[in-house]
Ligand code: IPE
Ligand code: IPE
Ligand code: MG
């Protein structure tokens, strides 16, 4: 067994009281808008407000890593108009809210393939990452044009290139080597994956990293997400018993 087959969050059984890394599939903006008879763009805009509440809650609760799934590699199937609205919203936040995040000690990191949003957006994202690179309070990963399968293909390809160049033996490819080739190579695996809107699927999110994540599904739609929901997630997580394939310590004693 390689060391990477343990969660990097905890090598002991049972849940840490506070999760180190919470990852959220922010779903339900469309339904929120439809229920109110307003354009989908309004749902995404309200979703942006929810992002701000969520980041505030992560800071208050001293959670050091937060990943937000903002746009999947499959979301390009949406209309040109909706993609345009989401892109504008992203640019609005980069322009008007980044300074605030920076002041609060948030380090922004992008995962996925943001180059698909075009050179201008990419440059703005890169600047935002550079500006906030030294911040230590909260690392916020924004998943943009992200797909777990694409990320794994990228990792496999980079390992294959190293083998081809004679820098690596095929036999040396293990879980640690693959983890180290992912975009999240320096980020602990998520302790919890949350999805709003009542859907119960991962939709290509952090497929490798979610191996031992606790899953929490909330019925409420993402624009309705409040700071109190974040605290509730932490409480629910603390009640979970993580085993990582082992036995809880009480049981171990009983059977020996
Ligand atoms: C999530 O909300 C935001 C993105 C996927 C960009 P949706 O737009 O998927 O909302 P629903 O699922 O249609 O309600
Ligand atoms: C997942 O939501 C992607 C994001 C929240 C960014 P989707 O709404 O795209 O997922 P499906 O299509 O319902 O699985
Ligand atoms: Mg959806």
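Note that Cβ sites are derived from N, Cα and C of the backbone, with glycine treated the same way.
Because TrEMBL annotations are produced automatically, they should be read as predictions rather than curated entries.
For 27, 214, the entry in TrEMBL reads Mg(2+) binding site. TrEMBL lists 27 with the feature active site. According to TrEMBL, the feature substrate binding site maps to 28-32, 44, 72-74, 76, 78, 195, 201-203. The annotation active site, proton acceptor is assigned in TrEMBL to 75.
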Distance [Cα-Cα, Å, rounded] between residue 30 (substrate binding site) and residue 214 (Mg(2+) binding site): 26
Cα-to-Cα gap, residue 74 (substrate binding site) vs residue 27 (Mg(2+) binding site), nearest whole Å: 14
Rounded Cα separation (Å) that holds between residue 203 (substrate binding site) and residue 75 (active site, proton acceptor): 10
Those binding-site residues in 27, 72, 78, 201, 214 whose CB falls under 6 A of ligand 3, listed in sequence order: 27
Fewest other Cβ within 10 angstroms of its own Cβ, chosen from the binding-site residues 28, 30: 30
Winner by Cβ contact number (other Cβ atoms within 10 Å) across the recorded positions 72, 75: 72
For residue 201 (substrate binding site): intrachain residues, at least 6 apart, with Cβ closer than 8 Å: 195
Alpha-carbon spacing, residue 75 (active site, proton acceptor) to residue 214 (Mg(2+) binding site), which is rounded to whole Å: 25
All-chain count of other Cβ atoms within 10 Å of residue 203 (substrate binding site): 14
Residue 74 (substrate binding site): tally of other CB atoms within 10 A of its CB: 12
Surrounding CB atoms that lie within 10 Å of the CB of residue 32 (substrate binding site), all protein chains: 23
In the chain carrying residue 27 (Mg(2+) binding site), residues 6 or more apart in sequence that have Cβ under 8 angstroms from it: 195, 196, 197, 199, 203, 221, 222
Euclidean distance between Cα atoms of residue 214 (Mg(2+) binding site) and residue 78 (substrate binding site), Å: 30
Recorded positions whose CB lies under 6 angstroms from ligand 1, from 27, 28, 30, 75, 201: 27, 28, 30, 75
